[in-house]
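Before any comments, here is the structure.
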């Protein structure tokens, strides 16, 4: 077996082993894997603020009310400040939470983000290379919302129902404040439970609490390119430990 092929096999083994080890570590306490109230509020406010930002520039004017016999005219209300805009933004708001994935390689609330997780991308890459990966479910179901994300969605619905009047108050009277601050810090969470609101994704991978340097990132990219070039030559199918999809 040549050194390049041996290196590829070693990389594949370490990739699966790293993902598996991280999952086993979190399986010790299932409650730690459930989203916190802070995380639910953060995602709820993020999604609503984003939807309102998307529709905020509309110049549409709504005609409200009916023309009465008295001759009273309909009211003209800009869509950008109308109740209709808020109602449309709230419609299916929590359904959009199902677009999120669990990124087990990230910490805290950054664990929840849209798009495919790094771990899942790695595992799919292994499958494409012919490596057998067992998540306990068919391959075609890998991209379905996980139990954790489904729980997020249900908690979003519960929170929205409970604080819908507060959201309305913010929309009509307090939009000078970020919704996250007004809703989560001001009404939903105790002061001691707001830490997740300060967590921000920088787009850089975090290892042991420190960001990787540019040199380290470039070195890893070069190594990955070399491994991918050699990976095209692989045809063998390996056997690896069964993984838990909930932490991908």
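Going from the start of the chain as shown, residues are counted 1 onward.
Any Cβ shown, glycine's included, is placed from N, Cα and C.
Feature annotation from Swiss-Prot assigns signal peptide to 1-21. The disulfide bond annotation in Swiss-Prot covers 38-196, 41-184, 94-156. Per Swiss-Prot, the feature region 'Disordered' maps to 200-248. Per Swiss-Prot, the feature compositional bias 'Acidic residues' maps to 213-230. Annotation comment: Swiss-Prot describes 231-248 as compositional bias 'Basic and acidic residues'.
Once Cβ contacts within 10 Å are tallied over all protein chains shown, the disulfide-bonded residues 38, 41, 156 are led by 41. Here the C-alpha separation of residue 38 (disulfide bond) and residue 156 (disulfide bond) works out to 11 Å.
In the structure as shown, the Cβ atom of residue 94 (disulfide bond) sits within 10 Å of 23 other Cβ atoms.
For the recorded site, residue 196 (disulfide bond), the DSSP three-state label reads helix.
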